[in-house]
Each structure stands twice: as C-alpha cells, then as structure tokens.
Amino acid sequence: MLTKSSLLAPFILLIFLIASSLAADPDMLQDLCVADLNSPVKVNGFACKANVSEGDFFFKGLANPGATNNTLGSLVTGADVGKIPGLNTLGVSMARIDYAPGGLNPPHTHPRATEIVFILYGTLDVGFITTANKLITKTITRGEVFVFPRGLVHFQKNNGHVPASLIAAFNSQLPGIQAIAATLFTASPPVPDVVLAQAFQISTKEVEKIKAGLAPNK
C-alpha cells in the first residue's frame with residue numbers, strides 16, 4: 001500500500017537533486033583540472049592544463065595581515081582559482097580580510113557563493129539584508145562564526161579600537177564580488193546620473209560628487 005509519504009519521496013528527492021545542482025559550482029568529473037589561466041579557450045571555469053605541480057595547489061598569501069592604510073581601512077586578500085589554479089572545478093575558495101580600527105568592508109554581494117567567516121582576532125559588527133529588506137546583524141568576536149547567504153548584500157565593520165581579522169570560506173572557486181556603491185557609481189560606461197538621482201532621491205550634482213569621491217586614484 002502506498003502511503004502519502006512514499007508518494008512524496010520521489011518528488012522530495014527530485015527537488016533535492018535540483019537544489020544541489022544549483023547550490024554551488026558544477027561537480028568535477030575527474031580527479032583534478034588545474035586551471036590554465038592563460039588559455040584562450042573560454043569555458044564555464046577554466047580549461048585544464050597538462051602539466052601540474054604542487055605549486056598549483058599552494059598559496060601563502062593569507063599568512064600575514066594585509067595593509068589597511070586606505071580609505072576604507074580594510075583589505076581583502078583572496079585565495080580563489082586566480083591565486084590557486086588547483087581550485088578549478090573544486091567549488092571552494094577562501095579569503096582573509098583585515099580591518100584597521102574603524103575599518104569597513106562595505107556592503108557587497110557574492111553572486112556565486114555563500115560565505116562563512118571565522119574571526120581570527122578583534123571584534124566586528126556584521127550583517128546582511130534579506131530580500132524582504134530585513135537586516136540580520138550581530139557583533140562577533142575571536143573564534144566565532146557567521147554566515148552570509150549567497151547573493152545577499154552584507155558588510156563587516158570594525159567599531160573597536162584595535163585591529164581585527166577574519167578568514168572567509170566560499171562554496172565556489174570564484175565567488176565574484178559586487179560592491180554596491182562602487183558598482184553603481186563607478187561602472188564603465190557609467191550609469192546615467194538621472195537614473196542614480198531618481199533611484200536615490202538626490203540631485204544629479206550629488207551624484208557627481210559621489211562619483212568623484214569613489215573614483216579610483218590615478
């Protein structure tokens with residue numbers, strides 16, 4: 001006799017399989033596929049190179065704090081497939097983020113990955129905003145963990161008087177990043193001033209002022 005739960009099981013399994021296939025990067029089909037970052041072949045990821053070595057799977061760039069003497073007072077050091085070619089097709093990457101006192105990792109999104117962070121030292125105020133426009137925020141400190149769901153706008157702020165640092169992990173070899181302010185106000189070609197003025201309910205003069213402030217130093 002078929003029960004209601006047994007009838008639902010195939011549909012639940014189907015939903016799970018579909019969700020798993022969309023959760024992160026595609027599954028690998030071989031032991032490894034070290035990225036050939038110089039290949040002219042364009043695929044979803046990178047073409048595999050023929051000759052590999054231990055150096056393709058190693059990166060020491062997260063060992064030391066990054067320089068935070070910039071306008072935001074923070075520095076992100078990525079450890080993705082661009083730095084570790086062996087990550088190609090493996091669906092994971094990391095980053096280290098260092099913060100000066102008062103430093104900010106401004107509101108941004110990762111379109112291809114969920115992010116989980118572990119605080120190395122210091123204290124940070126972190127948060128993300130749901131699609132229902134609800135702010136989820138918490139103060140986290142050394143040894144604690146926080147998760148930012150894939151694609152949602154999030155930030156970290158060091159409101160303390162001492163430096164802070166964290167390690168971030170992603171379920172993508174190349175999570176991507178879109179900083180909200182920089183994306184809107186420094187795009188090339190530029191987003192029209194009238195669009196930004198109407199969207200933010202400010203004048204076009206104020207838009208130009210913001211663009212000038214966010215423009216990269218030449």
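Any Cβ shown, glycine's included, is placed from N, Cα and C.
TrEMBL entries are annotated by machine, without manual review.
As annotated by TrEMBL, oxalate binding site applies to Asn105, His110, Glu115. Residues annotated as Mn(2+) binding site in TrEMBL: His108, His110, Glu115, His154. Here TrEMBL flags Cys33-Cys48 as disulfide bond. Annotation source TrEMBL lists domain 'Cupin type-1' at 60-208. The signal peptide feature in TrEMBL is assigned to 1-23.
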Problem - Sparsest Cβ surroundings (other CB atoms within 10 Å) among the binding-site residues His108, His110, His154 - result: His108
Problem - In the chain carrying Glu115 (oxalate binding site), residues 6 or more apart in sequence that have Cβ under 8 angstroms from it - result: Val147, Phe148, His154, Ala168, Ala169, Phe170, Pro175
Practice task
Would you mind reading off the Cα separation of Cys33 (disulfide bond) from His110 (oxalate binding site), to the nearest angstrom?
Solution key: 24
Exercise for the section: Using Cβ-Cβ distances, find the residues under 8 Å from Asn105 (oxalate binding site) that belong to the same chain and are at least 6 apart in sequence, listing them in sequence order. Expected result: Leu72, Ser74, Val76, Ile97, Tyr99, Phe155, Gln156, Lys157
Problem - Neighbours of His108, His110, Glu115, His154 excl. site residues, C-beta within 8 Å of centre, Mn(2+) - result: Thr109, Phe128, Phe148, Leu152, Val153, Pro175, Ile177
Fill in the blank from the handout: With the fewest other Cβ atoms within 10 Å, the residue among the disulfide-bonded residues Cys33, Cys48 is Cys48
Handout entry: Neighbours of Asn105, His110, Glu115 excl. site residues, C-beta within 8 Å of centre, oxalate
Key = Ala95, His108, Thr109, Val117, Phe148, His154, Ala168, Phe170, Pro175, Ile177
Fill in the blank from the handout: DSSP tally for the domain 'Cupin type-1' (60-208), helix/strand/coil in that order, comes to 22 helix, 57 strand, 70 coil
Completion exercise
Over the domain 'Cupin type-1' (60-208) the mean pLDDT stands at 96
Problem - Between His110 (oxalate binding site) and Cys48 (disulfide bond): CA-CA distance (Å) - result: 25
